Amino acid sequence: MNNRIPELYGSMIFSDRIMRSKLPKDVYRALRKTIENGTHLELDVANSVAVAMKEWAVENGATHYTHWFQPMTGFTAEKHDSFISPSGEGEVIMDFSGKELVKGEPDASSFPSGGLRATFEARGYTAWDPTSPAFIKDQTLYIPTAFCSYSGEALDKKTPLLRSMDTLNTQAVRMLHLLGNDTVKRVSATIGPEQEYFLVDKDLYRQRKDLIFCGRTLFGAPAPKGQEMEDHYFGALKPRVSAYMHDLDLELWKLGIPAKTKHNEVAPAQHELAPVFDTANIAVDHNQLTMEMMKKVAEKHGLTCLLHEKPFDRINGSGKHNNWSLTTDDGVNLLNPGRTPAQNTQFLIFLMAVIKAVDDYADLMRISAASAGNDHRLGGNEAPPAIVSVFLGDELTRVLESIENDTYFGKQEKIQLDTGAPVLPHFLKDNTDRNRTSPFAFTGNKFEFRMLGSAASVATPNIILNTAVAESLDQFYEELKDTEPADMDEAVHALLKRAIQKHKKVIFNGNGYSDEWVKEAARRGLDNLESTPDCLERLLTAKSITLFTKHHIYTEDEIRSRHDILLENYVKTIAIEARTMVDILSRDFLPTLHSYTGAVASSTSSKKALLPDLKTDAEEALVRKLSNCYEILADGVQDLKEQLTKTEKEEDLKRSAFLSRNLLIPSLEHLGTAASEAEALIPEDLLPYPSYDQLLFSL
Ligand code: ADP
Ligand code: MG
């Protein structure tokens with residue numbers, strides 16, 4: 001098997017190789033043109049592609065096809081239709097037309113639309129996205145599609161992503177041409193999302209209502225060991241985990257997903273997978289599929305994969321690092337500084353465009369990582385704070401300083417790394433060391449956006465980044481467009497200088513986890529939007545709406561719909577957590593606590609009856625403590641129920657979100673702490689669910 005990986009790789013996608021072998025030459029060429037340049041595809045071409053696609057799919061065991069799309073839930077959606085078409089006399093043929101390939105019409109009424117579509121006009125369309133390859137999974141041909149309403153509003157995450165890639169392409173190419181680089185025809189955003197996840201035993205998972213309903217534990221006495229020994233990070237893979245990862249790689253490779261790196265993460269039972277980067281659109285589709293496969297392959301191995309941002313208290317949660325760069329059609333990475341960044345005008349313009357974008361639209365960047373789950377991580381000493389800043393590293397910071405101060409910055413020689421051990425090979429040190437605490441770090445030839453939560457689609461952060469960078473480039477273009485070529489260097493220098501002065505406040509190379517940074521950021525006037533309801537309203541400012549409408553990413557209605565869906569999702573998530581907490585405590589935990597208290601009390605009193613002079617202080621104290629816990633928890637449950645009713649009665653979405661944050665979350669935390677403390681007093685075998693010890697250390 002292992003020596004056949006190159007054949008296995010991509011065997012389940014309708015790849016370029018398959019297209020070339022199955023399509024008539026002119027059809028193949030027309031399709032390539034659409035894929036590469038985004039030109040319109042004629043129906044007769046689509047018909048021809050449909051026939052070839054069906055043939056290939058049927059040869060590979062497919063009986064059905066589906067338009068696969070990404071509604072605003074953040075998940076993917078599919079509805080399967082079989083290829084069969086009755087041909088009379090009780091017989092069928094396998095049929096698939098260009099029309100069926102290009103357009104679908106799922107009933108859209110039950111997907112969130114944030115008010116974009118009333119149920120009585122529930123028509124929604126899916127439209128084939130030829131830039132992302134079709135694939136076969138579970139005997140079904142999957143056709144990546146965009147999803148929109150009858151009147152053309154985007155109801156999904158793919159449409160705005162494609163729009164943002166297009167805008168960024170236009171602006172980047174225009175800028176390159178202005179700088180004299182006129183051979184470039186296309187610029188694409190590339191992304192490589194590193195995905196963190198937890199694995200727990202499936203049987204144990206099935207016994208935890210909080211994991212089942214909320215994706216995270218709502219409480220739990222800490223295991224005697226957490227992550228303090230730092231022995232899990234990059235540690236040797238345990239056999240069950242290793243077998244899982246191997247199987248997962250194979251499944252992903254079949255789908256043409258270039259899974260590259262796998263390792264254990266910081267927290268016990270936590271792991272990471274990183275692919276080789278790809279064009280934004282494809283990488284987003286791949287990340288959705290990767291998350292799905294992670295869960296599915298886990299089932300086969302008797303495991304459950306948790307993608308929640310904070311499945312367990314007191315140990316690290318999971319995020320997603322979005323590595324992002326820009327590549328030209330002739331293969332140049334525009335964020336590669338080369339050996340002499342100070343002299344690399346093109347690099348400096350693009351670098352500055354990104355810094356400006358992040359500074360100007362820091363609030364939108366924050367929003368792109370906002371969810372109830374991720375609020376547990378940001379600022380929690382395991383993930384960047386909610387303050388958006390940029391890490392550049394020493395060398396680039398000095399390059400920018402030299403531009404700002406008109407001082408000379410010469411070529412920096414790379415330094416040989418001296419390990420002191422002569423047998424080891426010698427190599428050159430990187431120009432930047434790593435900084436793990438920055439939300440947005442330059443890492444040599446790309447930026448790494450580290451705020452994202454593990455469960456969310458990476459579409460939104462990339463829509464925002466692409467659009468904001470396109471806007472920077474547009475503004476730079478306007479400043480430079482009338483400059484004579486001979487004066488360009490000087491004009492660029494002056495522009496960079498102005499931009500550095502304006503935006504250097506967002507650059508921070510220090511420790512992002514420290515309290516000093518929170519104070520320093522406030523002094524610099526940077527936002528610290530701590531929770532989801534705090535930041536979401538920024539989506540609706542005139543500045544945000546202007547950005548999105550100017551670049552045709554979202555209409556104003558489309559933005560409002562996203563805002564409402566995000567807010568609604570926040571409210572619903574916390575309500576589910578509150579209901580689950582009430583359920584577990586009243587029906588499972590409190591009865592256990594009650595009977596254990598009773599058992600200790602009666603055994604203590606029967607001992608006392610037998611031997612009146614016996615010392616039973618510790619047992620009595622335990623009974624008192626257990627009873628106190630019971631009172632606190634029972635009262636807390638009552639309060640939580642009342643707060644939940646109040647929150648759910650509130651009809652204004654925004655007020656309801658703030659009630660969730662200000663009432664429900666503190667109550668959930670209070671109950672979680674009290675229950676964890678009580679749990680630590682109860683024998684493990686009496687607990688109505690598996691403990692942290694079992695969940696985190698059983699594999
Ligand atoms: P690091 O060790 O700094 O995290 P890696 O080389 O391991 O960097 O890459 C991490 C992720 O970044 C991988 O998914 C990789 O494919 C991706 N990546 C590398 N170069 C680029 C690029 N030019 N654009 C987008 N992603 C990239
Ligand atoms: Mg990384």
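Residue numbers in this text run from 1 along the chain shown.
Yeah, the Cβs are placed from backbone N, Cα and C, and that goes for glycine too.
Same-chain neighbours of the coiled coil (630-657): 532-533, 536-537, 564, 567-568, 570-571, 575, 578-579, 581-582, 585-586, 589-590, 593-594, 597, 663-664, 667-668, 670-671, 674-675, 678, counting only residues six or more beyond its ends whose CB sits under 8 Å from a CB of the stretch. Annotated coiled coil per TrEMBL: 630-657, in sequence order.
With DSSP states grouped into helix (H, G, I), strand (E, B) and coil, the domain 'GS beta-grasp' (63-152) comes out at 8 helix, 39 strand, 43 coil. According to TrEMBL, the feature domain 'GS beta-grasp' maps to 63-152.
According to TrEMBL, the domain 'GS catalytic' annotation covers 157-589.
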Within the predicted model, mean pLDDT of the domain 'GS beta-grasp' (63-152): 88
